[in-house]
Amino acid sequence: MNTCIQLLILCLVTLTNSENLTDISTETTIENEKEDVTETELLETIENETETVTETELPETIGTEIPAEALNLPQSPKQKYCKSEGQYCSRTIFHRCCGNLVCQLHGFFNGTCVQCLAERKFCIWSSECCSKRCRLFRCRKNPYVQVIPY
């Protein structure tokens, strides 16, 4: 145990000494370089390395383009997070349809907002179906609605 501590102390002392030597040698090198450089050489170097800064050129379209975010914003603040007809929806609170629109799913959490669901489409509530009849999670024909020929 004592030998481990002694070795650790020896390593720390060696590391500290080597850092001090490196700092001293770096400082002397910098001082020697400072003495060798004259003021005119320094000014010439600064002029050569400095670029002339010109006015930044903006693209011509920046004034006429409307940001994409502005185009997708809903009309009222109440509809901030809902989608309009034809847009992507997922039947979650994050991607839901506005108003009376319903989400017609095409895959797992992947759908489109429509007015109502057609026959044999996945449904949860009868109000989602155009026929107003949802049975076993599918929109069905409504047998109570009959077309009367004239």
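Cβ from N, Cα, C; glycine included.
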If you consult Swiss-Prot, the disulfide counterpart of CYS116 among CYS98, CYS103, CYS130, CYS134 turns out to be CYS130
Check for me: which candidate out of CYS113, CYS123 does Swiss-Prot give as the disulfide partner of CYS134? CYS123
In whole Å, how far is CYS116 (disulfide bond) from CYS129 (disulfide bond) when you measure between their Cα atoms? 5
Among the recorded positions ASN110, CYS123, CYS130, whose Cα is within 10 A of the Cα of CYS139 (disulfide bond)? CYS123, CYS130
